[in-house]
Amino acid sequence: MGLKQNLHKLKEKYKGTKMAPAFNALHTFLYTPNETAHGGTHIKAADDLKRTMNMVILALIPCLIFGMFNTGYQHYLAAGEIQAVSGGFFSSEFWTMQNFTLGFWKILPLIIISYGVGLGVEFIFATIKGHEVEEGYLVTGMLVPLIVPIDIPYWMLIIAVIFGVVLGKEVFGGTGMNVFNPALTIRAFLFFAYPTWMSGDKVWVHGAVERAKEIVAGSNADAISGETILGGLAQSHPIDYSVLDMFFGFIPGSVGETSTLLILLGGLFLIFTKIGSWRIMLSAVIGALVMGYIFNLVVAGGLITETSKFYGLMSTEFWHHLLIGGIAFGIVYMATDPVSAAQTNKGKWIYGFLIGFVSIMIRVFNPAYPEGVMLAILLMNVFAPTIDHMVIRGNVKKRLKRAKLKTA
Amino acid sequence: MAEVAEKEKIVEVQKEPLFSKKNRKLITDPLTDNNPITIQVLGICSALAITAQLKASIVMAISVMFVLALGNVVISLMRNIIPSKIRIIVQLIVVATLVIIVDQVLKAYAYSLSKELSVFIGLIITNCIIMGRFEAFALAEGPWRSFLDGIGNAAGYGVILVIVGFFRELLGSGTLLGFKVLGDPVEKTGLYAIGYENNGFMVLPPMALIVVGLIIWVQRSRNKELIEEH
């Protein structure tokens, strides 16, 4: 009989009671339901919510695996125990078991917390409301560990996940009704609530915070610098990473965001499976490039000198902006969230363009918020319905005009 | 407005005890089912701005209660001689006078608090609750009932301020009325010894809005009648 049958029995037992949705969800989450449709009268669609979600998760897996290796790599590199990678993407110095083991054991708890707490909240709300548990959290739960600092204290993550799921999603009516991207709501909460853990030059490499504390306490160990490229540029520090390092992702940063190459592959996968909108991705990239180029022109025009605090980021070549920080990750996996993004095709172009544009603007003008992409996406989430409204109104007007012309 | 005033006068002629059931409702209603902040959504601005500390919230609540109760009485006493065309100006003068009294008293006896609240004491003048009660109640009711209405509405406002201030100060700064109830964050005592940290988000005004929103959520889910139809 096994677990499936037992679960089914439990489900039948609790049918009609308050707990029914919880058992039902657990059952459908793990197995195919016992009551599937037979015969040929049904419309078949391969892309239900669960499949869609699974596709996104599949697209995230390479970033996750790479992030595990990179976590270990950055830690041992910063601690001075290994040499920097010299070869290409597949160089054996990077893909070592030592790197993977450290990253795996650091990231696994984050994933467990993210899913455990998030799904727990979903179950509780489904039980209270008496509706079925929705699959909406599956992607959010995978995104969260990829966008938080590796050493984030677990209790902070728990609070943030509860906050994000309840206020980012459940208050609006659950999956499909949320105004904001829940994963970004979680990150924004952490960012504003615990800024010392979310920004600065210590949080992105495992061990850097601990080491800094030891040094304050009088230890002789070398400090671990976990400075991200963005943080360095904001202070006009020279950057000693090559463009290829940035593209391959051998740089410090949150788990999922560093490898632009893998994000690009994930993005192509999402476009190919028609889950992510290519319009949003493309227009966001264009928006970021345009803004970056404007800043480059400002520097080239001599309007700003090296003494300016914006010089470091403004003078960064415009296409480098796409390689550093979380902008690529945000554009591919978060801006395309079908629920909180604009729905009309024209609206998607505007929505995406403004995300890229505003991201770089925030990044350059406010070094305290280097992750402009998070704030830009949340901001545009708010505007998405308005953009759609304007697009639809514009279309209505155009057609009315055409109708008038015909009748006149 | 004048018509309403006359109608109310007729009702008032019948004698009733000072704390009749109807009068008591003037105080209890704004505390719960007709709360100025959570139901009428008035006075939000100051609720967001000054609730980072519990002490400031309490002082603000008391100040508003003073202004609203006395202002209601004054307006109510004058209600039959105020020409309705210039009533807003008269109301503003009454509020402004009372607010200046509060401001001066705070400056004289609690200077640091007055600094902390800065313009927000002065801005009580623009608090929608006050003008709202003058217009909707004091212009049409007797002084005693107006007084009770002022106390009730200010208390309803104050309760929310104190609740928001309590959570924002406790979670944002780890203190209550300035006492370090959760331990010392610098010397790592109490909760801080096990790695607890203050929530910086709580100190920012957006979190006040979220806390008020949560209170509204709790209140409406407990009393379904308050949920508006769409």
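Just so you know, glycine gets a Cβ as well, placed from its N, Cα and C.
Copied from TrEMBL, the annotated features are:
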TRANSMEM  A:52-69  transmembrane segment
TRANSMEM  A:107-126  transmembrane segment
TRANSMEM  A:146-167  transmembrane segment
TRANSMEM  A:179-197  transmembrane segment
MOD_RES   A:Thr228  FMN phosphoryl threonine
TRANSMEM  A:246-273  transmembrane segment
TRANSMEM  A:280-298  transmembrane segment
TRANSMEM  A:318-336  transmembrane segment
TRANSMEM  A:348-366  transmembrane segment
TRANSMEM  A:372-392  transmembrane segment
Long-range neighbours of the transmembrane segment (A:107-126), counting only residues six or more past its ends (CB under 8 A): 21-22, 25, 64, 67-68, 71, 132-134, 136-137, 140-142, 144-145, 148, 150, 152, 154, 157-158, 161-162, 165-166, 170, 174, 255
Intrachain neighbours beyond the transmembrane segment (A:246-273), with Cβ under 8 angstroms and 6 or more residues off its ends: 55-56, 58-60, 62-64, 66-68, 70-71, 73-74, 78, 84-85, 88-89, 94, 103, 107, 110, 143, 145-150, 204-205, 226-229, 281, 320, 322-326, 328-329, 331-333, 336
Positions whose Cβ lies under 8 angstroms from the transmembrane segment (A:318-336), at least six residues beyond its ends: 56, 59-60, 63, 143, 146-147, 181, 183-184, 228-230, 233, 243, 246-247, 251, 253-254, 256-257, 260, 263-264, 266-267, 270, 276-277, 280-281, 284-285, 288-289, 291-293, 295-296, 351-352, 355-356, 359-360, 363, 370-374, 376-377, 380
Positions whose Cβ lies under 8 angstroms from the transmembrane segment (A:52-69), at least six residues beyond its ends: 94-96, 99-100, 103-104, 107, 135-136, 138-139, 142-143, 145-146, 249, 255-259, 262-263, 265-267, 269-270, 273, 275-276, 329, 333
Interface-richest range of A:146-167, A:179-197, A:348-366, A:372-392 toward the transmembrane segment (A:280-298), CB pairs under 8 Å: A:348-366
Which of A:179-197, A:348-366, A:372-392 contacts the transmembrane segment (A:146-167) most, counting Cβ pairs under 8 Å: A:179-197
Chain residues in Cβ proximity to the transmembrane segment (A:372-392) (below 8 Å; excluding those fewer than six residues from its ends, i.e. six or more beyond): 147, 179-181, 184-185, 187-188, 191, 325-327, 329-331, 334-335, 340-344, 346-347, 350-351, 354-364, 366
